[in-house]
Structure formats: C-alpha cells, structure tokens
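K.L.:
My questions all concern the structure below.
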Amino acid sequence: MTMKLIYCCLLAVAFHGYLAVAQDGKPMSPQKPSYPPQPQNPMPPPPPQYPQKPAYPPPPQNPLPPPPPPPPQYPQKPAYPPPPPQNPMPPPPPPPPQYPQKPAYPPPPPQNPLPPPPPPPPQYPQKPAYPPPPQNPLPPPPPPPPQYPQKPAYPPPPQNPPPPPPPQYPQKPAYPPPPQNPMPPPPPQYPQKPSNPPQPQIPQVPMQPTVPFHTCDVPPQYKIQCGPASITAQGCQAIDCCYDGQMCYYGKFVTLQCTKDGQFIIVVARDATLPYIDLESISFLGQGPNCSPVGTTSAFAIYQFPVTDCGTVMTDQPGAIIYDNKMTSSYEVAVGPYGAITRDSQYELHVQCKYIGTAVEALVIEVGVIPPPPPVAAPGILRVELRIGNGVCMVKGCDEDQEAYTSYYTDADYPVTKVLRDPVYVEVHILERTDPNIVLTLGRCWANTSPNPLVFPQWDLLIDGCPYHEDHYQTQLIPVGPSSGVLFPTHYRRFVFKMFTFVSGGVASDFTKKAPSDATWTPLQENVYIHCETAVCQPSFSNNCEPRCFRKKREISGSVKKQYREETTLISSNKIIFTKL
C-alpha cells in the first residue's frame, strides 16, 4: 500500500513536471489566457454593452440623413479588420464581435474550432487538448491568473465614437424652406388703392367762376386804344393787348408795358379780380406826383411814370438793368369784438422792366391763390340740418333768392369755394319731425375758422334771429312760405350773407367802426364755418315764434353778450373757402 502511495506521488510529481515543461516550452501558453477570460466573461459582458450603445446610436442617425450619411460611420468598424475572422465564433450574440481582445491573439484562430460550444464548458476542452487531458482535472485552478490579460481588452473605449453624431447637423441645411417667404408678393395688391381717387370730384367746385376773367371780352364803350392806330395784330399781341380786327385795346387784366424811354405803363382792369378791385385803392412802393393814375374810367385805371419813381428798385446786372416795383390794393376791414373780416379783394402784383441793350422785356408775377382746405361736418344734438343752396336761375326774371334753394351742395361737393362778396344761401331745418305746430327758431348765427364753434375769431351773422346791424353787408332773412315747395314751412329758416374772409391784427378800440386797411391787418388764408343756435318753439297768442328785428338801441354783438339759450341745439356747416381770381 505504501508503495502504491509512493508510486502515485512520483507519478503525480512527474506529471506535474511534465506539465511545467509543456507550459514552458509550448507556444500555446497565450491560448490559456485567452480561454480563461471566457469564464470571467460573464462579468465583463456589461462593459461590452457600452460599446454597443455607440454602435446603436449611429443607426438612428442613419434614418435622419439620407443613406449617404451612414457610410461614414461604418468605417469605424472596418478599423478592426482582424477581429472579423474570430467573430464568426460568436455570431449569435452581437456583443462578442466587439471584443477586440480576441484579435489581440492571432494564434488562437486554429484552436477556435474547439470552442464551437460558446458556453463556459469550452474552457475545459483546453486542457483535454493536451494528450494528458485525463490528468488535467487537478490543475484547473491555476489558469485563473492569466485572466489579467483581459484588461488590455478594454481598448473598446476607443469605440466611443460619439463624435460621429455631429454629421447629423447637416440636416440644418434643410432649412431652405424659408424661401417659402414668397408670401410677400401679395403686397403688389396695394395698387388697388389708387382706385380711391374718386375725390377728384372736388375740382368740380371751380366750375363756379363762369364769369370770364383775363380775357379780351371788353364791351365797346369800355375799350381803350393800345398802341398807335396803325398797329397790326402781331404788334398788338407783342405788347400784351387785344385785337378785334379793327383796333388794338387793353384786355380785362393788368397790362404792363416798358417803353424805350424808361417809362412804366400799367393798365389795371376793374374786373381783373372777383369781387372787382377798387381802382382808387391801388398804390405802389413809393408815393409821388407821378404815382397817381393818368387816366381813369369806370372799367380801367392807367398809370404811367418813370422807372425811377414810385419807389422802384433798380438792380444792375452784367449787360442789363432791372427795375422792380410792387402794386397793391388796399381793402376795407370790419372789426368786431372777437374778430375782423373783409369782403374786398387783396391784390398784389410784382412788375419788372429789364433793359438789355436796345431790347425791352416785361415780367409780370401774380400772387398765387389759397389752396382749398379739406371738408368737415358736425351734426347737432337735435336732429337739425344746415345746408347751403346752390340753385341757379335758368330763366330770365326768376327770383334768385327762391331759386337758390331748389338744390343744395352735397357732402361730395365740400369744401365749397366762394369768391369774396358772393352770396351764401344758408338753410336750417328740422329732421324727422312731422308736427306742423312747432316752429324752428334761430338764436345766434356766426362764422369762424374752425368746426369748433367756440374758436376765435368769430363774426356774427344773426343775433336773436335778426341780422347783425354792425355789418356793412347785412345778412338777409329769406321767408319760407307755402309756395316754397316744402312740406312743413315752419320747420325751415333761411338767410343769405355775403362771402368774406377773416383778417389778423390788433383789435380796434371801437369795434363798432370799420377800420381802413393798414400794415397791421393781413387777410387769413383760413376756412369759414357757419354755426347756428336752434330751438323749437310752440306758437301761442302772445308769441308767434318770429324774431323781432326792430332796433331800439345800439346793438351789441352776441359774442360780447355771451348769452346762450339753454334749450338751444347747436348746428354747424361744412367747410366754405374763398378764392381769389
């Protein structure tokens, strides 16, 4: 028995020695470290999972960009060409192919056929690979140490190619859709706005000046010879005169002639303006015995004076001498407590004679007219309407005052343009009432330059329904009776006044007197609005609701008294403007 034990011990020692020699001499020793890792692989599997994550992210990226993007990511895998031959072993689990550890040991490929069974048991076959496998069962414990080489297998971290995702950014170029902004093209539709210019209807107002101005239509009894009797038609036109085939005469305008002997000849027609200019109010820059008219008729005033008189200003230019003067007309101003007005034409004309060698040139400059302002309307609280009549007599012998109220200006006709002293026919009437027993009464009616009735300056037209007596051109009341063609005559009030314009300047000490034109008064280029206080009256035996216009004492302007009836309703007109022709 003892011998058997000794024999067994020797045999074991010999076998151990043989194993030691085999391990030292055989190049297969690296194979052992490769297989032992497999038993421990169960633990490292988690790390291989980390590389799997980077492997899977690339596929999601591929769907976003077109097929082309994915190819750049695949090159990462080809970076490990050696492992593919070993990967066939673990095809079932995708993670194993990622272990670069196996490629690190190229010799093992020949032994791979043995591990067909991927499970851990293949570790034991390594030992049977040696002829003495029957004895191997004892030394299996030592193999574990070679497991350390597995640590170098951690090179997979380089597999963390998270950077590849950046290729996804190319998707941003997909933002070219902004070109869809072609939406802006719709703005070209704005051209439709030009369709709004129906307003050109306003020019219809200027149609009123039917009287011909600045023409040669002069009655025979008013014609004044212009130039010598033998003058021809061409010569007559050359000196700015009119020719009727028989004689050369001055036209209905201001004619300027510069004579070779240095004389101004200025012929002013009375109807060169509307209303007619006051020929006695004309003056020049200076005064003197030669500055008065040399001839005057009911239609013309003729001035002739040397170019050096009447305040003429001389200017010397190379090769020419220029003489300038200015002709103006004065106008009468009526001053009230809160404003001043005029109904006279304001006329200014610059005259110039330019002498060049033996030639003579005449230059006439006329002051422009005031542009028409926009229209404004303001309804009253009580349903009352203020209208301006524009009817015209079409037959001879008709009543102009009654005919004027056969038609009225519409909103499209405003602003209404009037010439100074033109009649303005005003009508105020009640709306939406059918009671024949009520009477419309007017309190104070006045004009100012604003749709706001409280704005100054103001000029009274009616006071307590009666004409303002301090106005040289008094307002006239137009009666409304059964023959007026209206259903309820008592619902209407009509009056007419002469067109005027406000002037600016100091207030006169005595507002009841008219003040002559001077340098402190300047016509305002303003609009005129009409305002009236209205009320409804119930007639009785003691009161017929008609105004009592007899004058017991000197009348005081309504704007001074500042008395307003509490029961009244204020009505205002649209805009009225005046023009100079």
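Quick reminder: no glycine exception, Cβ is built from N, Cα and C everywhere.
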K.L.:
Pick from CYS226, CYS258: the cysteine that TrEMBL pairs with CYS241 in a disulfide bond.
P.N.:
CYS226
K.L.:
Going by TrEMBL, tell me which one of CYS216, CYS258, CYS291 is disulfide-bonded to CYS242.
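P.N.:
Of the candidates CYS216, CYS258, CYS291, the one TrEMBL pairs with CYS242 is CYS216.
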K.L.:
Can you check what DSSP calls CYS242 (disulfide bond), collapsed to helix, strand or coil?
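P.N.:
Its secondary structure by DSSP: strand.
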K.L.:
Could you state the whole-number distance in Å separating the C-alpha atoms of CYS241 (disulfide bond) and CYS216 (disulfide bond)?
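P.N.:
Distance between the two Cα atoms comes out at 8 Å.
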K.L.:
Any idea which of the disulfide-bonded residues CYS216, CYS226, CYS242 has the thinnest Cβ neighbourhood at 10 Å?
P.N.:
CYS216
K.L.:
How long is the line from the C-alpha of CYS216 (disulfide bond) to the C-alpha of CYS226 (disulfide bond), rounded to the nearest angstrom?
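P.N.:
Counting only the Cα atoms, the answer is 13 Å.
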K.L.:
Near the Cβ of CYS241 (disulfide bond), how many other Cβ atoms are there if near means within 10 Å?
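P.N.:
Neighbour count, Cβ to Cβ under the 10 Å cut-off: 22.
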K.L.:
Expressed to the nearest Å, what is the distance separating CYS242 (disulfide bond) and CYS226 (disulfide bond) at their Cα atoms?
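P.N.:
Spelling it out, the Cα of CYS242 (disulfide bond) and the Cα of CYS226 (disulfide bond) are 8 Å apart.
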K.L.:
Looking only at the domain 'P-type' (214-252), report the model's average pLDDT.
P.N.:
88
